[in-house]
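Colleague: Below you'll find the structure I mean.
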Amino acid sequence: MALVPMRLLLDHAAENGYGIPAFNVNNMEQIISIMQAADETDSPVILQASRGARSYAGENFLRHLVLGAVETYPHIPIAMHQDHGNSPATCYSAIRNGFTSVMMDGSLEADAKTPASFEYNVNVTAEVVKVAHSVGASVEGELGCLGSLETGQGEAEDGHGFEGKLDHSQLLTDPEEAVEFVNKTQVDALAVAIGTSHGAYKFTRKPTGEVLAISRIEEIHRLLPNTHLVMHGSSSVPQEWIDMINEFGGAIPETYGVPVEEIQKGIKSGVRKVNIDTDNRLAITAAFREAAAKDPKNFDPRHFLKPSIKYMKQVCADRYQQFWTAGNASKIKQLTLDDYAAKYAKGELTATSRTSVAV
């Protein structure tokens, strides 16, 4: 089989009440880790790459690594997603390079630093949706800026993230605006701002409702029951990996991520895609440091890379179980981009809100 549209996976997740972790990839070892975990847990897969990852790996290398996963695991439905596309051009180049899903992040302007107006966000996102849907590709939009409700600041990821401080009105997705945004853009998925941010340093204490607004997801889901919601910046930052890194020479200070139980609450309220990167980075770093410390004379790269696959695979398998993804890959009938282009053309996948239906 070929890669599948992300919409196919999100629809199945919604129908069956589970979420799908979307793991960022940059190299072969990360893809192997994810696919081994998915194979062992019978889980559908969303691989995603940022602009930085595409630049780091190179378009051709990245594309063939992903196709290698498809050929090796033909029984697992896999979507390849562009994370945080900063402009329509970025999204179109991703589709040309084989991505079956793109994120048009119009919450920021094309410089990926300046918070954008609602009108700008709607216009660029709707433009991408029109083009992507014509070829069957899925589109994720974002409303609100990702950042900390504690500090008002965000953490740039591969150069993508606002600068300075924002107030809560910009850091929390407005439910009524979300309805208007979905109706005007027809996105397949909506990333919501609830106080999470990129990187390891998300919260200075275990998050509560004051700094992690899971209740905002519930409000949005009530108005948009048929829209697939997305949580960004949702690594849990497990203490075990931080302890291991620091045991073997690291210096990561105390920090807190998004507790798994909070993500599970989100999944029960319409979250279908959960973005995770930092947890895997921590596991890989722990493996490298441990391997180097225990055998300092070894200079074979495989000595460091093999344990990194093992540890990252552990993280991925845990998330597939915790998000109730496990056991669902074999239940999904794989469809193509052409199949979905036909569905969009016929209006079968038109987004509706509770408000618009009532009218």
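Placed from the backbone N, Cα and C atoms, the Cβ positions cover glycine too.
Taken from Swiss-Prot, the feature active site, proton donor applies to Asp83. As annotated by Swiss-Prot, D-glyceraldehyde 3-phosphate binding site applies to Ser50, with the evidence given as similarity to another entry. Per Swiss-Prot, the feature Zn(2+) 1 binding site maps to His84, His198, His232; the stated evidence is similarity to another entry. Taken from Swiss-Prot, the feature dihydroxyacetone phosphate binding site covers Gly199, Gly233, Ser234, Ser235, Asn275, Ile276, Asp277, Thr278, and the record attributes it to similarity to another entry.
Can you tell me where each of these features sits in the structure?
Modeller: Following the DSSP three-state reduction, the secondary structure of Asp83 (active site, proton donor) is strand.
Ser50 (D-glyceraldehyde 3-phosphate binding site) is surrounded by 23 other CB atoms, counting those within 10 A of its CB over all protein chains shown. According to its DSSP assignment, Ser50 (D-glyceraldehyde 3-phosphate binding site) is coil.
Here the Cβ of His232 (Zn(2+) 1 binding site) has 25 other Cβ atoms within 10 Å, regardless of which shown protein chain they belong to.
Secondary structure at Asp277 (dihydroxyacetone phosphate binding site), taken from DSSP and collapsed to helix, strand or coil, is coil.
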Colleague: Nearest by CA distance to Thr278 (dihydroxyacetone phosphate binding site): which of the recorded positions is it, out of Ser50, Asp83, His232?
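Modeller: Nearest in space to Thr278 (dihydroxyacetone phosphate binding site), counting only the recorded positions, is His232.
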Colleague: Helix, strand or coil: which one is Ser234 (dihydroxyacetone phosphate binding site) in, per DSSP?
Modeller: coil
Colleague: Tell me, in order along the sequence, which binding-site residues from Ser50, Gly233, Ser234, Asp277 have their CA within 10 Å of His84 (Zn(2+) 1 binding site).
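Modeller: The binding-site residues close to His84 (Zn(2+) 1 binding site) (Cα within 10 Å), listed in sequence order, are Ser50.
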Colleague: Distance check, please: Cα of Asp277 (dihydroxyacetone phosphate binding site) against Cα of His232 (Zn(2+) 1 binding site), rounded to an integer number of angstrom.
Modeller: 10
Colleague: Looking only at Cβ atoms, how many others are within 10 Å of the one on Ser234 (dihydroxyacetone phosphate binding site)?
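Modeller: Result for Ser234 (dihydroxyacetone phosphate binding site): 28 neighbouring Cβ atoms inside 10 Å.
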Colleague: What binding-site residues among Ser50, Gly233, Ser234, Ser235, Ile276 are found with a C-alpha within 10 angstroms of that of Asp83 (active site, proton donor)?
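Modeller: Those close enough are Ser50.
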Colleague: Please give me the CB contact count at 10 A for Ile276 (dihydroxyacetone phosphate binding site), counting all chains in the structure.
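Modeller: Result for Ile276 (dihydroxyacetone phosphate binding site): 25 other Cβ atoms within 10 Å.
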